[in-house]
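Trainee: Annotations for this protein, taken from TrEMBL, read as follows:
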BINDING   137, 140, 157, 160  Zn(2+) binding site
COMPBIAS  182-198  compositional bias 'Low complexity'
COMPBIAS  212-229  compositional bias 'Basic and acidic residues'
COMPBIAS  230-241  compositional bias 'Low complexity'
REGION    179-255  region 'Disordered'
Ligand SMILES: [Zn+2]
């Protein structure tokens, strides 16, 4: 049962609602608010129509050092620091407002929201615990998230020096392969069946080469085995009108 004043309790409930709407999990709510666990669970169920997820919060700081999370974490933490130090917001207000501003920024930039609210909160905890620190980039002079032990060493941020494969995701590679496959299929169905186009197609993909060769062989075998079909096909497909036979089959097969 809450022991404080009614107005303070109402404020706590409003804070809890805001945090839950932003995606805060139970350990975050329990750490930041003074409401009881049962009250928080009831609030969570009312707002999300589901029980709060179980499991541990992320505990490793390494995630913040990979290039894309590092950019998003640096952006969020710089907003947070501005709101806390310059706008004189309280820690919790600065956290929620900074996260809202971060979401707005992602929407305006039409980019994926990499930093979840839990990650943002964990980032704050790592800074408060002295595990992380901000370092000024030697190129753009922007401050970015770094391990505290490396904070004094000069370094370049991930925006100024992105890794060579930055932006290339597995999903992107898969979609590229799909697009390439679709282009190959369209190419093979649109072009007429001439020896030159066939050989060109064979050069594009080993799979199409096998299937094309198999198809040719099967057609030849059918013609060699069935003289009636062979005669009908010979009038349209074979210019000489002579029955063609597969080199590995006997010349004449008794019907
Ligand atoms: Zn930079």
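Glycine is treated like the rest: Cβ placed from N, Cα and C.
In terms of burial and nearby residues, how do these features look in this structure?
Mentor: Taking Cβ-Cβ distances under 8 Å and a sequence separation of 6 or more, the neighbours of residue 160 (Zn(2+) binding site) in its chain are 137, 139, 140. The DSSP secondary structure for residue 160 (Zn(2+) binding site) is coil.
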Trainee: Determine the most Cβ-crowded residue among the binding-site residues 137, 140, 157, using a 10 Å radius around each Cβ and all protein chains in the structure.
Mentor: 157
